[in-house]
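One structure is given here, and the rest of the page talks about it.
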Amino acid sequence: MSDSPRPEIPETHKADMIQASLKARESSYSPYSKFRVGAALLTQDKKIYTGCNIENASFGAAICAERTAFVKAVSEGHREFIGIAVATDRADASSPCGICRQFMREFGPHLAVLLVNPDGQATPTSLAELFPMAFSPDDL
Ligand SMILES: O=c1ccn([C@H]2C[C@H](O)[C@@H](CO)O2)c(=O)[nH]1
């Protein structure tokens, strides 16, 4: 692990990111788990892409909110990101799954992560903290 300071979402965008993640959560298609997740991803040039989890009758075909947001942003030409806010219905918030951590790591280790609860309270962390010693493009 590196000793570099934790990356942060700029104060100018924090409230918008929190609100965008909570709003994206409302689009969650989660009839099976009933676990709603919304994500808001901030690109280097300060655009916000949102995503929600989208489940499927073939359970393994579900996609998480974080990856939905990344897929939308990358497919619009973005490759560099500042941070992501992730909102769930849990009062103590919850943390991105392992597949999403790997997916996010592809686009760099310096990602700020905000874990948002339904009241909009946000716990700051980072991808480096959530996913130390990751397998990354540098390994290939
Ligand atoms: O980081 C995560 C973890 C889970 N989910 C979704 C997948 C599934 O629809 C539901 C329950 O696992 O939550 C996300 O969107 N992001």
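The first residue you see is number 1, and the count goes up from there.
Backbone N, Cα and C define each Cβ position, glycine as well.
TrEMBL: automatically predicted annotations, no manual curation.
Here the structure is a predicted model, which means the values were calculated and not measured.
Now, the feature entries from TrEMBL:
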- Glu66: active site, proton donor (ACT_SITE)
- Cys64, Cys97, Cys100: Zn(2+) binding site (BINDING)
- 12-138: domain 'CMP/dCMP-type deaminase' (DOMAIN)
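Taking a C-beta cut-off of under 8 angstroms and a sequence separation of 6 or more, Cys64 (Zn(2+) binding site) has the following same-chain neighbours: Val37, Ala39, Asn53, Pro96, Cys97, Ile99, Cys100. A mean pLDDT of 97 is what the model gives for the domain 'CMP/dCMP-type deaminase' (12-138). Listed binding-site residues: Cys97, Cys100; maximum Cβ neighbour count within 10 Å falls on Cys100. Within the domain 'CMP/dCMP-type deaminase' (12-138), the DSSP-based counts of helix, strand and coil residues read 42 helix, 33 strand, 52 coil.
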